[in-house]
Each structure stands twice: as C-alpha cells, then as structure tokens.
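Student: The active site annotation in Swiss-Prot covers Arg164, Lys188, His258, Arg261, His284 and rests on sequence analysis. According to Swiss-Prot, the active site, O-(3'-phospho-DNA)-tyrosine intermediate annotation covers Tyr293. According to Swiss-Prot, the feature domain 'Core-binding (CB)' maps to 1-103. Summarising the annotation, Swiss-Prot assigns domain 'Tyr recombinase' to 124-306 and lists sequence analysis as the type of evidence.
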Amino acid sequence: MISAFYAFLDYLKNIKTASPHTLRNYCIDLNSFKSFLEKQGELSPSSPICLLTKERKETELPFSLFTKDSVRLYVLELMQENKAKRTIKRRLSAIKSFSQYCIKNRIIFEDPTETIHGPRLPKELPSPITYEQVEILMATPDLSKYTGFRDRCLLELFYSSGLRISEIVAINHWDIDFNSNLIRIRGKGKKERLVPMTPHAAQWLQQYLHHPERAHVEQDPQAFFLNRFGKRLTTRSIDRKFQKYLRQSGLSGSITPHTIRHTIATHWLENGMDLKTIQALLGHSSLETTTIYTHVSMKLKKQTHEESHPHS
C-alpha cells in the first residue's frame, strides 16, 4: 500500500501538476491515515511518506487494512481528538482521492470510502476589508528597498486583479502584456485566463521590472517576481511578508492574501460589475462559488444601515 501512496503522489505531481502546497497537504493527510492503519494492524511504524525522499524504503502495509470500517474508525478518531471539521473534511477528501486513483488503476476494485461522509462545514461568508484598510496595507512596505518595492507591486496586483497567491508566483515575463494591461494566468486545473490589471497597477509593475536591483539579482530568466537571491518567489515567502506588513500596519492578523481577493470581488460587485464577469476574472469554475459575494455585499449594506440609522 505504501508504493500505491507514492504512485498516487507522483500522479498528482507529474500528471495533475499539483502545487507544492497541495502535495505537502496530501503527504500530511496520507501519513496520518497510514499511521492509523499501522496502529490498527498492530504494525511497527514506518517512515513517513515524503516526495523528497530519494530512497523509498517501502514496508508492508496490506490493502486488507483499507476497509470501510477502518476509514469510519479513522474519521471517528479524528473527531474524538477534537480535530477541526475542516481538517477532518480535508483528510477524508485525500483518502477518497487516493481510493479513486487505486480503482482507476485497478489496484483495488471497491471503494472503501464511498458511503463515508465528513462533517458538514458551516457556510462562512468571506470577510472583506475596507478600501481604507487596503490603502493602509499598501503604504506599509519600505519603497527605498528593492524587496519593499517588489512587495508593494504584489499588493497592488492582489487588489487590482483578485489573483490567487499561487497564480501570482507562477507569472512569467511573457505572461504580461503592458500594451493592453492584460496578464495570462494559469489557474486551478491548468486552466488559462486573461485578467486585466488597472493602469495604476501596471505602472507599478513596469517600475518593478526596470528596478536596477532587480536586474542585479535576476537568476531566473522566466519568473516575474523574484526573491532577493534572484529566484522565483514562493507562496510561503509571500505569506510571511504579508503577515509582517499586517503587524507593521496594525491591521488584524486574520487578514490573508485571499482576503484581498474577497475584498476586490466584493468591491467589483458593489460598483456594478455583473456576476458572470466576476466569475471569469476570478477563474471560478462555477457561478455558485461567485454568488457568495452577493451575500457578502448584502451583509455589508445591512451593517452600514444599522450603524447609520438614527434608531439603531
């Protein structure tokens, strides 16, 4: 079964082109399930599954342990350990994906996860921030430093185009057309879309592109956003930078790069953009996903009404 885990991860990496973040989560989730099965089968713990491992020493973990009962007991154990509902849902989803892979490749012939469902997640509305808070965040990076100038450009692009963090780090030089202010984005499922950026954001990006220190550090000839060593920025490094600027600006630590995506989508809607256009810009496969912003917009309107009404 260990070899099947590795084959599945290789499939995700090479065929589905999953991001490093996604692969890392799959490794965490499958290792958790593997440890549970080893405990159930009274087997000695084996080395964690890791794609970085060059020599894969595969200990025996029989598929006979992978049953409906074992999956059900695993979910029950996670609940008893008070794991977050979202964590349980994600781990079960990873096992279901692994099971489907095994069936497709005729490793197993029945799906042990078919009738097992994770906990229901409460529908959480995104919490956008105000335009004033966006401005405060934008003003935080130190523009006298190359990295600060780059980070201001990142923030401008987040708010200009509503991109995912993984989409921003994947941008190459030739993806940006400054004549039309369009960026070719590779989104989820390798789907490409053209996303406009504001002239204001385009101006910042052009200045960054010609920044003298950028030319000095450049080692990756493809990547647009570079770290101080000239390599492509990672999602993790942007996350760290983002949290640093939140601390410096005094804004809430619960704000994330994805919050900016929610924010601009809400602002687009409030300024009259239709849902189909917002769906296309954000790269949502379903209009239902985009519809959540109508609820957010109404929630904000009700809040403003209550705060402004003389009888409130």
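Glycine is treated like the rest: Cβ placed from N, Cα and C.
In the displayed structure, how are the listed features positioned relative to their neighbours?
Tutor: For Arg164 (active site), the same-chain residues lying six or more positions away in sequence with a CB closer than 8 A to its CB are Gly187, Lys188, His258, Arg261, Gly283.
All protein chains shown were included, and the count of other CB atoms within 10 Å of the CB of Lys188 (active site) stands at 13.
In the three-state DSSP reading, His258 (active site) counts as helix.
If you draw a 10 Å sphere around the CB of Arg261 (active site), it holds 21 other CB atoms from the protein chains shown.
In the shown protein chains, 18 other C-beta atoms lie within 10 A of the C-beta of His284 (active site).
Across the domain 'Core-binding (CB)' (1-103), the model assigns an average pLDDT of 88.
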Student: For His258 (active site), list the number of other Cβ atoms lying within 10 Å of its Cβ atom.
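Tutor: For His258 (active site), the count of other Cβ atoms within 10 Å is 13.
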Student: If H, G and I count as helix, E and B as strand, and all else as coil, what does DSSP give for Lys188 (active site)?
Tutor: helix
